[in-house]
Amino acid sequence: MNTFWAAVQFLTRLPTPRLAHDDETLIGRSALYFPLVGLLIGLLLWLLAALTTAAAPGVQAALVLALWVGLSGGLHLDGLGDSADAWLGGYGDRQRSLDIMKDPRAGAAAVIAIALLLIVKFAALEALLANDHAVWLILAPLLGRTSALALFLTTPSARSDGLGATLSRHLPRRTAWWIIFTAALLPLLMLGLAGLWLLLALFGLGLGLRRLMLKRLGGSTGDTAGAQVEFSEAVVVLVLGLIL
């Protein structure tokens, strides 16, 4: 149970029991619960949408998006911002890009990337809610965090002491692949052919982002994993907003 709470503690701002922060085995194994934490976030978003059905779709979308960001404490948005700054300011240099990611300051690229992503999410959310498709909100956080698990499984860490390195050493790989497979079944069961198109879009996105990470950084980091989560969530709500 501590492994689950470690995942909740890492990915959200929800209250959890106090846990050790230096237990690498616990941290590595906690990644197995990333999709489940995503499902929990999705259920909370769906609950808020259900409680605000009397509001206009735009207001609903704003409230859901605010809760979405608040539940994670902006963790993945921070990773997106750091990745954007590194991509623009790194000038193709691996070490410079990694150094920029460690800089706590946000540059213009970070602000622009975060703003554009939130605009896309808001517009897609509004479309989903206007068509009474709030139930599909559970898929975005679930699949977004599943994509991060897949990234850690398939991509080496760009740093020897980073989160990716810790996960590579302690993540039970066979179990992780079964969890990814199970998570991928959910959109197929819920949406049929539309779910297949959604998974194909996410697969293409994941391949493209992984290729960029390997080319620029030689692997993934916690920041690029956060960016992948945000891009994946945006793709889910965007695709669903377009096809449903």
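Count begins at 1; order follows the chain as displayed.
Quick reminder: no glycine exception, Cβ is built from N, Cα and C everywhere.
As the structure is a computational prediction, the values presented were derived from the model and not from experiment.
For reference, TrEMBL has these:
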TRANSMEM  30-51  transmembrane segment
TRANSMEM  58-77  transmembrane segment
TRANSMEM  106-124  transmembrane segment
TRANSMEM  136-155  transmembrane segment
TRANSMEM  175-207  transmembrane segment
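At the 8 Å Cβ threshold, with sequence separation of at least 6, the transmembrane segment (175-207) lacks contact with the transmembrane segment (106-124), having fewer than 3 such pairs. Counting only same-chain residues 6+ beyond the ends of the transmembrane segment (106-124), those with a CB under 8 A from a CB of the stretch are 61-62, 65, 68-69, 77, 80-85, 87-89, 230-231, 233-234, 237-238, 240-241. Within the chain carrying the transmembrane segment (30-51), a Cβ under 8 angstroms from the stretch's Cβ atoms is held by residues 3-4, 6-8, 10-12, 60, 63-64, 67-68, 71-72, 129, 134-135, 137-146, 148-149, 152, 167, 171-172, 175-176, 179-180, 183, all 6 or more beyond its ends.
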